[in-house]
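Q: I'd like to ask some things about the structure below.
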């Protein structure tokens, strides 16, 4: 018995040592991070690996043409020329119609996701975390399947009900989406490696936050587009205008720093961009509100099997008289002015784009400073990556979607009829009788019968 006790004690000692060594091993990858956190009081983020800085990819033609200029003015011309090129491309895709716009939104979403995930991979690539990029792209596929499936079911309900395979996919869409995500979740758990647990969970969180920021917002952009192209073009144009005008005012008149995260941002640029954006969006809204192509919701025509943008414009896009305040009446000599109600909404959209929208850029600046990088990528010379151009757009997309749901959108009779047509005959009769009783109680049905008689 004594020997057994001695043996048991001897057997326990290695086990405890093993457990201690395992605890050491599981926390070893965070040792540098803890040291880095303690050092942050004296020096910034010394424990964070640096992302390789991309080389200057300015086209050789521009480099030669602008070789005699200072770096400040050279950057100004490069940004200006590329900005004009991007604006021209924006006009082109608007001309090509809503389907092309949706495809461009999807492409931009994938590129933004790739840029953010690449930063994560570059930071932690030395740890050789298994399946990180594979799982990241798999989760992107799952989330897109879920969101776009919801959109197809919502906006193409009649088409989905007409085709048997689509009807089955639509019926079990959420279950399929959950099963796909659950598969990726199990794959992640199986990929966990000893001594890298926390890092792997960091990257798991990194992927999901990226999905939340990029995929969810791009889905909202497409929803805004379905409400009418004007709800897509005006918000995006307001952010672009504010970015350009804030840069111009800051470049020529900027003296007072605005925020430490972006040292080049100035109060002069911020205020100048605000007023310029409000005026620009009010004028743009006035021009666009007169065209059905821009104001009508994007709908699917079941007879033609294609998208159509044609409707009777709502009151939001019809000129109305507005009384001017007495001060403006004395200055202008006008008592009333004709405006589209949408122009009033455009002031709210442009104000958000100018006051709150830049915080999306400040957030991105803080993110880049945390990893000691200048830009997310070098896709666009003088501008950085695609994410550098869309950091404010995603925040704007959420605001527009919430704004439409809160102040604009009402019940949609077309969708109600589509859902009624998908019901069984007895269900349709039940709804018909309930609606008939309701109309008789309100005194509307007898009046209609008298007109028919």
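Using N, Cα and C of the backbone, Cβ positions are placed for all residues, glycine too.
All TrEMBL annotations are machine predictions without curation.
On a predicted model such as this, the values are computed, not experimentally measured, just so you know.
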Q: Looking at 74-95, 96-117, 228-249, 316-337, which one is transmembrane segment according to TrEMBL?
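A: From TrEMBL, the annotated transmembrane segment range turns out to be 228-249.
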Q: If you check TrEMBL, which stretch out of 200-222, 384-406, 407-429 is marked transmembrane segment?
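A: Comparing 200-222, 384-406, 407-429 with TrEMBL, transmembrane segment matches 200-222.
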Q: Which residue range, 42-60, 156-174, 175-193, is the one TrEMBL calls transmembrane segment?
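A: TrEMBL lists transmembrane segment for residues 175-193.
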Q: Taking residues 6+ outside the transmembrane segment (175-193), which of them lie with a CB under 8 Å of any CB in it?
A: 129-131, 135, 138-139, 141-143, 145-146, 149, 169, 200, 204
Q: Relative to the transmembrane segment (270-294), which of 200-222, 228-249, 342-364 accounts for the most Cβ pairs at distances under 8 Å?
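A: Comparing 200-222, 228-249, 342-364: 228-249 has the most Cβ pairs near the transmembrane segment (270-294).
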Q: Short question: which residues 6 or more past the ends of the transmembrane segment (131-148) have a Cβ under 8 Å from it?
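A: For the transmembrane segment (131-148), the nonlocal Cβ contacts are 106, 110, 113, 117, 120-121, 124, 173-174, 176-177, 180-181, 184, 187-188, 191, 200, 203, 207-208, 210-211, 215-216, 219.
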